[in-house]
């Protein structure tokens, strides 16, 4: 890496400083910094295949921040792989951070350990304070605090990757589950010619985002891990998923929206075609709107929670409790709410106990609809892993192969050791007798 140094520690500037003419010093310093910036830009343009590092001191930075030079300086800085601003003031640190944010449009992270870094930490999008001998001012002004600088690697590569993936998946899943639920209402209104007939009971609609689909999202946003911390540190390229914004872009968001729209179509039309006009009760009564609403709602709850189960990479008992518990809570809610007198429960009065639960058609329709609604995501993930795997997919495949290989090696060693142990446990007389029998059989064959 070649260095580009911008400094005012030059003989002609020092000579002007001795004379004490402030206007001449300022003009000469501005011209000198401008000349060095232009020379640096020419050097970078000529040798584009080489990485450059820019070094500038605090005095030179004051003139580089002049309104006539700031754009050229930022162009040069963005062309270099590394920029070092030495002996800079707290105000200059904050101004440089603000310029980098405005010029590049990128997310900035600042790291500091003292009171002179507070302005920079507050100006950056993310501030990381290091607690140490210089006090706690930087920690109190930061978003994250670490005890030593070496912990920054784990903060970025492990927790940074995990948090980016969790938040991205959580937001996309919110779009999916609400579009799936909302469009079943739209299809039902179109089916009833927009007559105002409600598809679901009022308490069904109020409880959807509160009881039946909220806890799995929380589990995803708090506990999910696509790879372990050891693999995150071993493969720093995983961090590029966040830098390149591969998991939270408009293509992915629209894909989740389309998946929600497709799930709503499958749920509504497959449910209506499966049970409308069919004898649903033992006495031969056909399906009414209350049964249709309960069946559709059951399919929605099962589908969105199973989609969550397919999206999670790291299962603990908490994820299992939240996902399957949310589905079980729906049935418990139906039983409890349906036992309330019909003046309060209205269309939900004993709809599960008397109508849906005894009917095999209800359970078969739920199973058929849920499997059909999950097929698009399963097909997409199978295609992606097979033909266009992402970085974490490659690492997961590599980890599974290595674990399978280690398991096979350990099993072969165990079998070899057991055979050796069994042969060594035979008495000496028995082994001699076996060897003599083998020798006699070979002589007869020969």
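Glycine is no exception: its Cβ is also placed from the backbone N, Cα and C atoms.
According to TrEMBL, the protein has these features:
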- 87, 93, 116, 117: ATP binding site (BINDING)
- 113, 117: Mg(2+) binding site (BINDING)
- 412-425: compositional bias 'Polar residues' (COMPBIAS)
- 139-389: domain 'P-type ATPase C-terminal' (DOMAIN)
- 406-428: region 'Disordered' (REGION)
- 170-188: transmembrane segment (TRANSMEM)
- 208-225: transmembrane segment (TRANSMEM)
- 246-269: transmembrane segment (TRANSMEM)
- 289-310: transmembrane segment (TRANSMEM)
- 322-340: transmembrane segment (TRANSMEM)
- 360-380: transmembrane segment (TRANSMEM)
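Same-chain residues lying 6 or more positions outside the transmembrane segment (289-310) and placing a CB less than 8 Å from one of its CB atoms are 173, 176-177, 180-181, 184, 188, 197-201, 204, 208, 212-213, 216-217, 220, 263, 267-268, 271-272, 275-276, 280, 319, 323-324, 326-327, 330, 334, 347-348, 351-352, 355-356, 362, 365-366, 369-370, 373-374, 377-378, 381. Same-chain neighbours of the ATP site beyond 87, 93, 116, 117, judged by a C-beta within 8 angstroms of the site's C-beta center, are, in sequence order, 88, 89, 90, 92, 112, 114, 120.
In sequence order, 90, 93, 110, 111, 129, 138 constitute the residues six or more apart from residue 117 (ATP binding site) in its chain with CB-CB distances below 8 Å. Between the binding-site residues 87, 93, the minimum number of other C-beta atoms within 10 Å of a residue's C-beta occurs at 87. Take the CB of residue 116 (ATP binding site) and look out to 10 A: across all protein chains shown you find 16 other CB atoms.
Residue environment of residue 113 (Mg(2+) binding site) contains 22 other Cβ atoms, counted within 10 Å of its Cβ in all protein chains. Long-range contacts of the transmembrane segment (170-188) within the same chain: residues 197, 199-200, 208-209, 213, 217, 220-221, 248, 252-253, 256-257, 259-261, 263-265, 267-269, 296, 300, 303-304, 307-308, 311, each at least 6 residues beyond the stretch ends and with a Cβ under 8 Å from a Cβ of the stretch. The ATP-binding residues named in the record, 87, 93, 116, 117, extend over a maximum Cα to Cα distance of 13 Å.
Between residue 113 (Mg(2+) binding site) and residue 87 (ATP binding site), the C-alpha separation comes to 15 Å. Confidence in the domain 'P-type ATPase C-terminal' (139-389), given as mean pLDDT, stands at 91.
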